[in-house]
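Structure first, commentary second.
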Amino acid sequence: MTESLYRGRFAPSPTGPLHFGSLVSALASWLDARAHHGGWLARIEDIDGPRTVRGAAEDILATLERFGMRADEPPVWQSRRTAHYERAFAQLQAVGLAYPCSCTRKEIADSLVRAHARHTTLAYPGTCRSGLHGKAPRAWRLRVPDSSNANASASPTDNPAVIHFDDRWQGPQSQNLATEVGDFVLYRADGQWAYQLAVVVDDAEAGITHIVRGADLLDSTARQIYLQRCLGMPTPSYLHVPVVVNEQGEKLSKQTGAHPLDASQPLDALQAAARHLGLDLAAGAHRSLDAFYRAAIPAWATRVEATQKR
Ligand code: GLU
């Protein structure tokens, strides 16, 4: 792939103003795009109606600009793209991969407790795979491959339920969708499209080649790769940066007390974000936004290379 085909993105959920944790993800994705002379897009993940805060998206986009990160194309709003999710969902339904589920959270939790007592699985147990047994549908799930016990002795690479990928920061990853996740939700009981479906459809349709984001999403990646395969979409390359945690070791978010960034002091926050990413910035990087990025782009490239050699 030539470098100019690189397309990256930052995809914030507008649940509040940009905070230090989300700045780290934005900066990492921006630096990676610029280090590859590629494009960088912003996508507002506002399909989770109950969590979306009015005005937060505009605030995030304005803050990114103040911090010197301007998207190369107008932002994409997930709330305006539901027809695309419906189409992808219909495609999965047509091949029998999507099925309705009537389980409540409590029913799933109870069956997981029972399964745990038997030391079997912590994944959704597939209760509704065989039908709803007269109950009303609540959500829709995607059928994942069975973890073929018959193949237990074969190499794990032969198991269709195991998804492998090479993360550019975290190294080789694998997850068994059958035993660790189970059939996962595409359409939620509250009438919203699930993040997993929307993110896969949007990344593919925007031609995203490189995804750079926080390591809290590492655990979602195998599901997304599986969905890409089911929908005949290409798999981008992935890089997950370490998440920022608070003093209690919780991921920094609005819920865990993250403060909004002070947009009048972008350089201080950017330098702190660069330190979190382990970038070795040349002297003078603190003088202006231009000087910061001139130092940070090559420092990022060096950092990623060092991570890969580890
Ligand atoms: N909207 C997600 C978040 O803010 C990020 C999704 C992604 O980068 O794939 O955590």
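Keep in mind that glycine also has a Cβ here, set from the backbone N, Cα and C atoms.
All TrEMBL annotations are machine predictions without curation.
TrEMBL lists motif ''HIGH' region' at one of the ranges 12-22, 45-55, namely 12-22. Of the candidate ranges 131-135, 166-170, 251-255, 256-260, TrEMBL annotates residues 251-255 with the feature motif ''KMSKS' region'. The annotation in TrEMBL ties R9, F10, A11, P12, S13, E45, Y195 to L-glutamate, and of the candidates under consideration, R34, R213, the one tied to the same site is R213. For the motif ''HIGH' region' (12-22), the predicted model reports an average pLDDT of 94. Taking the C-alpha positions, the distance from C128 (Zn(2+) binding site) to E45 (L-glutamate binding site) comes to 29 Å. For the motif ''KMSKS' region' (251-255), the DSSP-based tally of helix, strand and coil residues reads 0 helix, 1 strand, 4 coil.
Cα spacing between F10 (L-glutamate binding site) and K254 (ATP binding site): 18 Å, rounded to the nearest whole number. Take the Cα of E45 (L-glutamate binding site) and measure to each of the binding-site residues C101, C103, Y124, K254: the nearest one is K254.
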